[in-house]
Amino acid sequence: MTRSARLGLSLTVLAWAGLGLAPLVLDDWNIGLLTQYVTYGIFALSLGLIWGQAGILCFGQAIFFGIGAYSMALVTLGKLPWLGDSQWTGLALAVLLPMMVAALLGWIMFQGRALSGAHLAIVTLCAAVVCEIAARRWEFIGGFNGLFNVPPLSAPNGDPLSTNATYFFVGIAALLTYLLSLWIGRSPLGTVLAGIRNDERRTLHFGYDVRLHKIFVFTVSGAMAGFAGGLFTTQFGFVSPPLVGFALSTEVLIWVAVGGRSVLMGAFLGALAVRATENAMSASLDQYWLIALGALFILVVVVLPQGLFGKLLALAPPRRLGRGGTR
Amino acid sequence: MQCILGPNGCGKTTLFNVVTGEFAPDGGEVRLGGRNVAGLSPYRISRLGVARKFQVPGVYPELSVAENIEIPLAAGAGRYGPLSLLGYRPDPVRRDRLLDLCGLAGKAGDKVGEIAHGEKQRLEIAMLVARDAELILLDEPTAGMSGAETSAVASLIRRLRDEEGKSILVIEHDMNFVRQLECPIVVMVRGKIVAEGRYEEVSRDPRVIESYLGKRH
Amino acid sequence: MHLNSRISRRKVLFTGAAGALAGLAMPYVARAAGDPIKVGILQPFSGGLEVLGQQGFQGAEMALLEANEAGGVLGGRMFEIVKADDRTDPKTAVERTSELIRRDKVTAIIGPVTSANRDAMLPTIERYKTPLLYATDYEGGVCSRYVTCYSALPAHWVNPLVPYAVENLGKAFYLVGSDYVWPQKMNKAFREEVEKAKAKVVGEEYTPWGAKDYAATLRKIESAGADVVVITIVGADAVTFVKQFAAAGLQSKIKIIFFGFNENYVAGLSEAESNGIVAPSNFIANLDKPEAKAFVQRFHARYGANAVVSNTTDAHYTLTRFFIEGVKKAGADDKEKILAAMVGQSLMSGNGEVDLRASDRHADLNVLIVQVDNGQLKVLKDLGRIVAPSQCG
Amino acid sequence: MQATIALLLDTANFTLALLLVTLGLVVIFGLMNVINMAHGEFFLIGAYVVVAVSGATGSFWLGLLLAPVVLALVGLLVEWLIIRHIYHRFIDTILATWGLSLVIKQGVVVLFGPGAQSVPNPLPTAVDVFGVQYPAYRLFIMALAAALALATYYLFFRTKLGLQIRGVIANRAMAASLGINTRRMDRATFAVGSALAGFAGAVMAPIMSVDPQMGVGFLIPSFLSVLVGGVNSLVGALIGSGVIGGATTIFSAGISQADAQILVFLLAMIIIRFLPNGIIGGRK
Amino acid sequence: MLQVENLVAGYPSGGRVLKGATFDVAKGEVVALLGRNGMGKTTLMRALAGQLATQGGSFRLDGRELGNCPSYVIANEGIGYVPQGREIFKDFTVEENLLMGVLGKPRLPNRLPPDIYDFFPVLGERRRQKAGTMSGGQQQQLAIMRCLVGQPKLLLLDEPSEGIQPSIVDEIGRTLQAIARSTGLTILVVEQNLDFVETLAGRALFMENGVIADRADRIGQLRERPELVHRYLSI
C-alpha cells in the first residue's frame, strides 16, 4: 500500500471513528445538528455513486430525495391507510418508491441513444423543476406548504428516540449506505461502471449492456437518495415542494463537487463541510456570507478539481486489483 | 486467420465498424456462424463471440492495468446483468497469465494513461484474449511499435491462432508484420478487394505495389 | 463592557444610542437582575424576500430595543436579540428554528414570512413548546397554542373590500395570482363575496413563479371584459405584471386591486405605473393619525429618514409589543406563562387599538382601503376594526 | 381576426424577447461549450447598469448603450479570473459559474439593496398594429431583438473576426496552427456573449421587475431554447426560442399560465430526449 | 534554417513517442521524413507545429528558439503546418478556408492575394462551395494552399497523398515542386508514397522509435540502397 493510500484509509477510518465518538464531546444541540448533516451526507453519497463512479451527472437528484421524504411523511401521517403508519413501512416506501421512479427515469434517459453531458444535466434539471411544480399543486401531498407534524424516529413503544439514539440510528444507516456504495464501487461491477465512465464504446464492445448497467446504478442511487429523504423527514418534521426541486439538486451537486466526486467518502464529508461552512459564514459575515461562499466555491472548483478531500481520502485499490497482482 | 491489407484510408476500419455493429451497413449482410448480425447493437454482437481491437488503443486511460484486464474478464458474468458482477471473483491465475502475456506483470497498479504506447497496444490484445472471444478483430495491432516489439506481437497472434484456436481478422498496412503472421491476405484499395493470396503472391501483385508505393515501382 | 462580553459570535445585543446610555447608567442593576431574555428573530435575509425580512426584523427589533431602553422587563432584565436567516427555504428555516431553541435557548421566535416556512417550523415549535410570533398576512387556518398571529386574513381584506370595489370600481373582476395557496384562498373568498354582491368574476388564473411575460394573460384580461383586475401575485413577479399591464395601455380601461401592496412596491414602479392601484392595508406610512405619526417618527429616528416603513414593520412591531407586555404580565420568562399572558390584551398599534384574541391567538385588525397617488399611498376609506372568524375548527 | 393578430404579435414578442436573452447563451454555451450558470446574473447586471446610469444622468438610452460595454468588460474579467482555467472541464464550468452567480447576485444586494428598482418605460404609448393596440416598447424590443440577432449573425458569418472565432470553435488546434491567437478569440467570444446578455437585461429592464432575483427566471427557458433548437447554431437558437416562446404564449392563451409552463417544460424535455441534436440537428 | 536537437515529446498524459530527434533542414531544401506508422513522425510534426508540448530538447527556426511556444506564435514565426487528415474547416467555403490562412498573420493584409487560385485552379472554380463537399484530393489542395497563403518559411506536410487518387497526388507533387523551386520554400514532408517522395524531396530521413535512425542524403539512394527502404518501411 502506498503512503497516500495508507493516509486515505486511516483518514476514512478516523472520520467514522470521530463520528462514532462525537456524542462524548458534543452537546445535545450539536449532536442534533450533526445528525442532520449526516443525513445530507447519505444524500451526497447517492450522487457520488452515480457521478463519481459511473460519470452520470444528474441535476435532479432531489427528485428521489423528495419522493423518499414524501413517502415517509405520507405513511407515518397515516395518509396511506392501507400501508399502516409504521416508521419501518415508511422507510421501506421511502426506499422503494424513489427506486422505481429512478428506474423509470433511467430507462427513459438511457435507452436507445442515451442522453449524456449537458443534455442529461438540463433534462434532469427540468424534471426536478416539473416535479417541484407538480408537488406544489397536488393537494393530497400538502400542496404548496407541504405536510407537517411528521413524527420523529421513535422506539417501538412510541416514545421519540433521544438525540443520541437518533444520531446513532442515522449514523449507522449512513455507515451501511457508505459500505454498500463502497462494495459496489470496489466490486467488479464498480470496475465496469468506471469503464463506462471512461469509455462507453469500448465497454459496449466487450459485450456489456451499458444501458442496463447505467439504469441499475441510477436505481440504486435513487434508493439511497430516497432513504436519506425518509430520514430527513423524521428529523425536520415536515415535507414541502422545495425538497424535490432544483435548488436542493444544485446544493447536493455542490457538496459532492467540493468534497471530491471521485471518492465516496469525499462526497459524504463534502456535505458535512459545506453545510457547516455555510452555517458558520451565514452567522459571522452577515450579508457578505453569500459572496464569500460563492467565491470560496469558485476557488475550490478552479484550484482543486479533485475537491477538498478527493486526494486525501483516496483508498488503495481492492486487493485483487492491487499493485503487482495477487501473487 | 485472415489478414486485410491496404493503405491508409481504404475502408478497413469502416469494415470493422460494420462487423462489430458500430454502424448498420447500407446493404449486404454480415454472417456470424450462419446468422445475419448486421444491424445488431455492438454488445449483442460481442456476446456472440466477437472482440475487437481499436486503432487508437481502446484501453481505459483513467483506470489501472488490473482494472483494464478485469473488465473483459468479467464480461462473461456481465452478460447476466449488473448484479452478477457484484459477486463475481475473477480467476487470479488467469489474470496473472494475461498480464504476463502482455508483459505488464509488474505494472498491475499503474494508470493506463501513463504507460507507453506499445504497452497499451499489448494490453489491449491481452484484454481481447481475456474477453474469451471466438473471433478477434485486430485493427493495426502494431501501430507505434518497434521492429522487435512487432515480432513479439506477431508471435503472440500466431499463438492465439495455433494454441487457442481463435479466428483472427487483422487489419494492417505494415507488410513486414503481415509477412510474419503467415496467413492468407486480401488487399483492399478504396473499399474494394484488389488481390488475395499468401504474402509471397500478394507482394508481387502489381496493383498492390502501385497502391503502396506509387505506380512507377 | 460587560454587555459586550456576553455577545458571542452570532448573538448580537442591539442597543441604540439611547440604549447604550441606559445600559451604562445602570450596569449593576442589569447584572443583578439576571440573564437577558433571548428572542430569536428568524426572517429571510437572503433568497428573494430580503426586503420583507429586513422590515420585519426592524419592526421587532425596535420594539425590543425600546423595551430595553425603558429599563427592561421583570426588574431590569434586558432582551437579547438573536438574528437568524431562513434563506426563504423551509429546511433552512427548520434548522435555524432548532438552533435558536436548542442552542440559543430563546424564549420566543419572531418570524418567518412565508406560510411554507411557518408550516415547516410548526412541528419543531410544538415539540419544544416555544412561542412563535407570526406577523405576516396569510391564508388562515393556523390553530396552535404556540403560534400567535398578527396577520391579515382573507376575512380582513377581502370581505370589506369587495362591496367597496363593486360600488366604486366595477362589476366584472379578473383574478390573477401566483401559483400557490395564499392567492387561491384569497380568490376563493373573493369569489364568494363577489357573488353575494351580485357582481361577477370573469376569469381566474394562476401564473408560475418567476414568469417574465404576461402578454397572454393581459390579452385574456382585456378580452374577458374585466373592469377590475385583482392581483394576488407576490413579490417581483407582481412588479413585472404591473409594468407590463401599464405598458399595454390597460390602465385607462381597467382598475387594479392589489392584495398585499405596500410601500415596498412603490420603489420598483414608476409613478405612472403605480398610479391608481387600490389595496387593502392595515397600516401605511403616511397615515394621518397621531399613533401612526409617532411610530413613523420614532422609526425614522432609529433607522434613518430613508428607511421604508410598511405594514410589515408595524405588524412585527405591534406583535412584539404584545409579547413584551405578555412577559411583564406573566412576571417570569416562563414560556407557557408568557403564552397565556400575551393574549386577550388590547394595544395601540400604528393604526388604532388592536385586540389579540385568546380563542385562536389571532388579532382583530383595523383595515384601510388605500390608493396609490403620485407614488404615495393615500387612504380612501377607513374601515375600522374587522373581526375575522375563529381560525380554530 | 384581431385575436389572431394579437396572438401572433404576442408569440413573436415573447419569442424575440427570449431570443434576445438566448443569444448571449448561444455564444457562450453553444459555441464555447461553457455552461454559464451566471448568464442570468449578467442579464441582471445589464439591467442595473440602466438603473445606475439613468439614476445618475436621467437618460435611459445612455444606460442602454453602456450596458453591453460594461458587460463586455465584466466578461473579460470573468474569463480571465475563472473561465480560462476550466475550458476543458465542462462540468466545472457549471459549478464555477454557479458560484459566480451567487457572488454577483449578493453583490447587487449589497450595492443596491434587495428591493426592486424602477426603470420607467421610455416609450409609454401604445401603437396601432393592424387594428390591435400594441405597446410601443414591446415593438421596440421586437425590432431590437431581430436587429441584434441579425447583427450577431452578421458578426459571426460575414466578418473576418467572426470567421476566426468560428474557426477556433471548429478546430482549435488547426486555427492556432494557422497563426490565430486562440486565447484572444476565447476572450473575444466570451466578452461578446456577456455583452449580449447585458444588453438583453438593459432592454428588458423597463418592462420587468428589476431586482436581484430577476435573472433566475430566464435561465431555464433560455437553456431549453438552446438545446431544443440545436446547440452550436444561431438559427437553432431562433427555432428554439420560437418553440419555447411560441408554445408558452399559445398554451397560455387557452389555459392558465402556470399549467402552460409545465406543458412547455415537458414538451422541451421530450424534444431534447428524442432529438439530442436539437430540431435543427435532426435525428442523426 | 530549422535545427532540431534532442526533441522529446508525446501525449499530454505523459507517454513519450518522440525520444530525442536531432536533425537540420537548410533553407530551400525539401526533406522527406520516412518511417513506419507509430514511429513518431506525426508526433514530431505536431511538436514542431506547437500542437504538442515538448518535454525536452529544442528546435529553432532561423536561430529563434520555438520549443514550447504556443502554436499561433510558431505559425507567425513562419512554420506552416498541413496536418495528416487535412483538417480543413468542412463547414466553411473554400474561400473562407483560405482566408483563415491569412487572418491570423498580422504582417499580411487580411485579404486573399489575386493569384491565389493559379496553382490549383479547381479551388477557384469551387471557391463558394463548402469545403467538406469536395473530394479528398481537392481538400488536400485546399489545405496546402490555406497554409501557403500565410507565406510560411517552412512547410510541414504530413502524409499529403493519403487516401487520394494517384493523378491528383501527381498534380500536388508537381505543383509543390514548382512552388518550392520558384520561391525557395523549405519543406519537411512525411510520406509513405515513395513516388511522391522522389518527385518532391531532395533527401530523406528515417525515423524509428522516436529518433532519426538513418538518412539518405540523396533521394536517389532510396533506389540504390533497397535495404534502407526495407528496414525502415517494412517493404
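Each position is counted from 1, following the chain as shown.
Glycine residues also receive a Cβ, built from the backbone N, Cα and C atoms like all the rest.
The structure displayed is predicted, hence computed values, not measured ones.
Taken from TrEMBL, the feature transmembrane segment covers D:12-35 (among others).
According to TrEMBL, the transmembrane segment annotation covers D:66-83 (among others).
Distant neighbours of the transmembrane segment (D:95-116): 34-42, 44-45, 48, 51, 78, 82-83, 86, 209-213, 215; these residues of the same chain sit at least 6 beyond its ends, with a Cβ under 8 Å from one of its Cβ atoms. Taken from TrEMBL, the feature transmembrane segment applies to D:95-116 (among others).
The feature transmembrane segment is assigned by TrEMBL to D:136-156 (among others).
Marked as transmembrane segment by TrEMBL: D:188-208 (among others).
Per TrEMBL, the feature transmembrane segment maps to D:214-231 (among others). Residues 18-19, 21-22, 25-26, 29-30, 37, 39-44, 47, 101, 105, 201, 208, 237-245, 248, 265, 268, 271-272, 277-281 of the same chain lie 6+ residues outside the transmembrane segment (D:214-231) yet bring a C-beta within less than 8 angstroms of a C-beta in it.
Summarising the annotation, TrEMBL assigns transmembrane segment to D:238-256 (among others). Tertiary neighbourhood of the transmembrane segment (D:238-256): same-chain residues 7, 10-11, 13-19, 22, 149, 221, 224-230, 263-264, 267-268, 271, 278-280, selected by CB-CB distance under 8 Å and a gap of 6+ residues from either end.
The transmembrane segment annotation in TrEMBL covers D:262-280 (among others). Within its own chain, the transmembrane segment (D:262-280) has Cβ neighbours under 8 Å at 220, 224, 227-231, 233, 235-236, 239-240, 243-244, 247-248, 251, 255, counting only residues six or more beyond its boundaries.
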Closest-packing stretch to the transmembrane segment (D:12-35), where packing means Cβ pairs under 8 Å, from D:66-83, D:136-156, D:188-208: D:188-208
